[in-house]
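Everything below concerns the one structure shown next.
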Ligand code: 5GP
């Protein structure tokens, strides 16, 4: 019997460093897959279709919504974002952990529907540092930065709904904390029914 993979949700304000943490986790865990979301926002410079996102338009997204093709979806900054259901379930059935880097609305939908999912929220050490990081990126206008900071502020009330909180003060420490969470969660006995069944069979044969 094969052990099913884990569903890992990572959220946090833009500029918290969740993307960098997720990249490090993907390199570290060979059985960790990353779910590429679908979005109606336009690609940014350097982004590739099928790698960063599946880029699409409103009509197609809404058509897929009607077909119940998403595990969760949300409207973030006026654009749709959604997680393809088939990909996630297929990979988990094959025993892989699947990581979703999604916003808080999507994370709450996942938490409600899949209580077994592991949800991590990544925060910067302070709002000042977040503001500084967003300005240093030089990718967003003042207006967009203000929107992102407002969103970060309103999300504070929801953090305790997540299973784990990681403060990204020092990237290396933040990554090692995330690795520790995944390692411990993967060892939970309820996630390892396949191993238990095999052990039972082996012990009966002896
Ligand atoms: P960005 O446009 O900067 O790539 O992403 C904006 C926000 O949308 C980020 O918080 C990101 O985590 C979130 N996001 C990306 N993909 C999904 C998704 O499939 N579902 C949800 N709910 N949020 C997503």
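Note: Cβ is positioned from N, Cα and C throughout, glycine not excepted.
For the domain 'Guanylate kinase-like' (5-183), the mean pLDDT of the prediction comes to 94. The annotation domain 'Guanylate kinase-like' is assigned in TrEMBL to 5-183.
What TrEMBL records for 12, 13, 14, 15, 16, 17, 18, 19 is ATP binding site. Under the DSSP three-state reduction, residue 15 (ATP binding site) is assigned to coil, being neither helix nor strand. Residue environment of residue 15 (ATP binding site) contains 23 other Cβ atoms, counted within 10 Å of its Cβ in all protein chains.
Other residues of the chain with a Cβ within 8 Å of the Cβ centroid of 12, 13, 14, 15, 16, 17, 18, 19, the ATP site, are 122, 124, 168. Comparing the binding-site residues 12, 13, 19 on other C-beta atoms within 10 angstroms of each C-beta gives the minimum for 19. The C-beta environment of residue 16 (ATP binding site), restricted to residues of the same chain at least 6 apart in sequence and closer than 8 Å, consists of 122, 123, 124, 130, 168.
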